[in-house]
Amino acid sequence: MLSLSRTLVQGLLALLPFQHLHQPSTMADLDPTTQTNYKQVSTENVAFEWLVDFDTKIISGSATHTLKIKEDEPKEVIFDTLDLDIQEATVAGNNATFELKPKHEVMGSALHISLPSGLKEGSTTTVTITYKTSKHSTALQWLAKEQTQGKRFPFLFSQCQPIYARSLAPLQDTPSNKITYDAKVTSVLPALLSAIRASPPADGPAHDGKEIGKDLVTYTYRQPVPIPSYLLAIAVGDLRYRPFPQFEDKQWKTGVWAEPEGIEQAYWEFSEDTARFLAEEEKVVSEYRFGVYDLLVLPPSFPYGGMENACLTFLTPTLVTGDRALVDVVVHELTHSWFGNGITHAHASHFWLNEGWTTYMERLLQEYLHSPAVRGFQYIIGEKALKDSLRGYEKTPKYQRLIIDFEYGEDPDVAYSSIPYEKGANLILHLERTVGGLDVFVPYIRDYVKTFSGKSITTWEWKDHLYTWFEKNGGAEKIKALDSVDWNAWFYGEGIDLPVKMEYDSTLAKEAYGLAGRWDAARSVEDVGRLHFSESDVEKMDTNQIIAFLERLSTYSALPSNLTTHLGTVYKLSSTPNAEIRFRFYEIALADPSSPAAQTFADEAAKWVVGNDDTGIIKGRMKFCRPTFRGIAKVNKTLAIDTFKPNKSAFHPIAGQDLGLAKHDA
């Protein structure tokens with residue numbers, strides 16, 4: 001019998017009429033990044049008991065799983081682990097036989113625990129695993145006190161997405177299976193988790209009034225809403241809390257955590273807008289389900305702009321600019337409460353469902369909060385990031401797709417880019433326009449959330465629901481409109497162009513684009529003193545407009561060195577504390593690696609990215625550090641390596657990958 005490749009089958013399926021477009025369960029359901037048997041036995045709840053030891057950089061304790069039996073007489077339960085020291089296992093309180101299988105390079109070591117006979121479908125049992133993490137835990141970053149803002153106490157934080165929760169605890173580490181959890185965490189420093197704190201109270205004395213850094217305190221948490229394992233999160237350090245003003249008609253609460261040296265700045269930056277954003281999203285979608293929505297401003301090595309951990313969004317300190325210019329990042333992270341945390345992708349191949357929907361909804365909220373022009377402007381800014389990502393995968397075009405056919409055991413982090421965000425958001429925007437606009441589309445969104453909230457789904461389930469809803473609420477006309485969409489091109493298309501030429505409201509971009517055109521036209525002028533550029537050109541622009549100006553300028557051929565230097569000086573781009581702007585200036589400055597300006601600014605960029613400059617803060621966010629190191633390496637690889645090597649421990653292990661430096665050098 002002929003054997004068709006999985007990719008070919010997917011392509012053929014995408015060409016079929018929608019009513020036949022159902023991915024076979026053997027293809028659609030199985031997560032290619034887990035070694036567990038979650039289809040036979042699945043975790044419903046985990047109770048963690050942890051001791052955090054900063055001296056050994058280890059978390060020790062236990063994880064008690066409440067298991068649901070999905071088929072009669074399962075012989076074992078299998079958990080994902082990565083660099084864990086498994087010490088003991090019990091089933092229903094009795095010692096159990098366990099085996100830790102050889103380590104897979106990506107998926108880690110499968111932990112097999114024998115189950116007693118007689119277990120029937122629908123029944124439950126408990127498994128307790130006693131274990132320790134290791135110093136090599138990918139999910140955990142332990143910071144020395146010198147790497148924190150206060151420089152008085154060490155710090156710990158986690159990053160479990162996409163498949164690193166297994167290095168924090170033995171788990172069925174797949175978004176296909178959602179869990180509730182309870183935790184008791186004992187530490188000499190305040191501990192935060194992605195859950196609701198039961199004790200001591202968040203608004204009480206720091207560390208329950210005990211001596212920070214010396215006395216052990218046990219922190220108790222409960223997460224009653226089922227979440228995927230990648231949303232497990234812990235942060236431990238010298239942290240303080242300030243609640244935001246609350247809405248009287250809301251049951252949820254919001255606030256911010258930060259080191260004491262930065263808590264006032266963080267409070268000012270986010271207090272005015274966070275609760276307002278959350279309340280506005282409720283109007284558009286549905287009620288917020290998680291009870292608490294707090295922000296945590298992390299030390300600068302955090303590799304993302306934000307991470308939507310349940311109840312506790314992690315944020316990069318690069319967002320604290322003193323002018324609230326970047327606060328809209330919070331809109332993206334809180335939107336994940338519905339799209340990602342609420343409706344979750346079944347596995348990495350369908351990751352776009354999380355980020356595409358969240359990016360689309362974030363921009364829709366910008367329209368409601370501000371104007372349609374702001375929404376369109378966000379798509380224009382995102383277009384550059386999308387093009388850059390698509391070009392970056394020209395040699396591995398499968399990662400240009402919206403649905404990526406990951407092989408079993410393939411690392412999903414190699415495909416991390418703007419593509420699922422921007423390509424996904426553009427697909428949904430295209431659907432909105434195809435079916436008749438927001439008046440028609442928003443009611444569908446609400447039903448989508450109502451139907452799938454709390455579930456993990458594939459693209460095929462989403463698409464079937466889309467067709468079903470519009471068949472009931474529009475009939476043949478809407479089905480004909482949906483059938484006009486080139487689904488195969490959107491899902492599996494490669495190359496640097498979207499299947500449809502998208503048009504956006506460019507009102508806010510015109511001034512920025514006009515300025516970029518003036519600079520491009522000035523490249524023939526050797527004496528910059530004859531040019532009529534001044535700081536007033538950008539005085540009335542907000543951060544996003546300056547970003548648009550720089551991104552448009554970067555699409556032209558590299559500027560001559562004298563013009564590049566003048567650009568950095570006249571608008572103070574080479575010294576701005578705003579990382580979003582400075583990063584984009586360095587992209588322009590390093591565009592021609594052979595130019596004198598690139599040689600000069602490579603040295604400045606190297607100092608900036610590791611915090612050896614006026615900011616004093618490393619740029620650990622992958623959005624900044626990866627492209628900056630790559631750009632420096634093209635100009636002077638030795639400089640890039642010599643800059644990274646002594647600062648390697650300051651960056652998160654995830655961010656340290658794929659910097660464009662040879663592994664043996666860095």
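In case you wondered, yes, glycine gets a Cβ from its N, Cα and C as well.
Quick look at what TrEMBL lists:
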- GLU333: active site, proton acceptor (ACT_SITE)
- TYR421: active site, proton donor (ACT_SITE)
- GLN159, CYS160, GLN161, PRO303, TYR304, GLY305, GLY306, MET307, GLU308, ARG621, MET622, LYS623: peptide binding site (BINDING)
- HIS332, HIS336, GLU355: Zn(2+) binding site (BINDING)
- 507-659: domain 'Peptidase M1 leukotriene A4 hydrolase/aminopeptidase C-terminal' (DOMAIN)
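Mapped onto this structure are the features recorded in TrEMBL.
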residue : record                       : Cβ within 10 Å
GLN159  : peptide binding site         : 25
GLN161  : peptide binding site         : 26
TYR304  : peptide binding site         : 21
GLY306  : peptide binding site         : 21
GLU308  : peptide binding site         : 24
HIS332  : Zn(2+) binding site          : 21
GLU333  : active site, proton acceptor : 25
HIS336  : Zn(2+) binding site          : 25
GLU355  : Zn(2+) binding site          : 22
MET622  : peptide binding site         : 22
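Around the residue listed as 'active site, proton donor', a 10 Å sphere centred on its CB holds 24 further CB atoms from the protein chains shown. The average pLDDT the prediction assigns to the domain 'Peptidase M1 leukotriene A4 hydrolase/aminopeptidase C-terminal' (507-659) is 94. Across the structure, TYR421 (active site, proton donor) and TYR304 (peptide binding site) place their CA atoms 14 angstrom apart. Using a 10 angstroms CA-CA radius around GLY306 (peptide binding site), the recorded positions that qualify from HIS332, GLU333, HIS336, GLU355 are HIS332, GLU333. Here the C-alpha separation of GLN161 (peptide binding site) and HIS332 (Zn(2+) binding site) works out to 16 Å. The Zn(2+) site is set by HIS332, HIS336, GLU355; from the centre of their CB atoms, other residues of the chain with a CB within 8 Å are GLU308, GLU333, THR335, PHE339, GLY340, ASN354, THR358, THR359, GLU362, TYR421. Taking every pair among GLN159, CYS160, GLN161, PRO303, TYR304, GLY305, GLY306, MET307, GLU308, ARG621, MET622, LYS623, the residues listed as contacting peptide, the largest Cα to Cα separation comes to 18 Å.
Cα separation, GLU355 (Zn(2+) binding site) to GLU333 (active site, proton acceptor), rounded: 10 Å.
Here the CA atom of GLU308 (peptide binding site) lies 6 Å from the CA atom of HIS336 (Zn(2+) binding site). The distance from the Cα of TYR304 (peptide binding site) to the Cα of HIS332 (Zn(2+) binding site) comes to 13 Å. The distance from the Cα of GLN159 (peptide binding site) to the Cα of GLU333 (active site, proton acceptor) comes to 15 Å.
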